[in-house]
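Below is one structure; the comments refer to it alone.
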Amino acid sequence: MSFLGRGGPSPAGGVNHERVEMAINEIDMVSDVFNRIVSSCHSKCISPRYAEGDLNKGESVCIDRCVAKFFEVNKKVGEKMQSAGASAQATGSTSFSL
């Protein structure tokens, strides 16, 4: 069994370095998205002067909406880039515009 549980054993019987590298890249990307969400939504929704230990109702609603908007925009940009990439690939072009 391979390191990530897919496919057969790796060629040398050890760790599949390509899959480890892919897993590390995915963790890096997820961490980057998380950090950008935290930074953006924290600065928009939470006052720099903390009055309470917990979020109040307004802050909580703002955070929920901010995260939802972040993911919605991320989804739309991804879809747009996929369609632009597909149309560029169909025409044989190497560059595309959004």
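Our numbering is plain: 1 for the first residue shown, then up by one each step along the chain.
Glycine is no exception: its Cβ is also placed from the backbone N, Cα and C atoms.
So that you can see what the record holds, here are the features copied from TrEMBL:
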DOMAIN    21-83  domain 'Tim10-like'
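Across the range of the domain 'Tim10-like' (21-83), the DSSP-based residue counts are 52 helix, 0 strand, 11 coil.
Mean pLDDT of the predicted structure over the domain 'Tim10-like' (21-83): 94.
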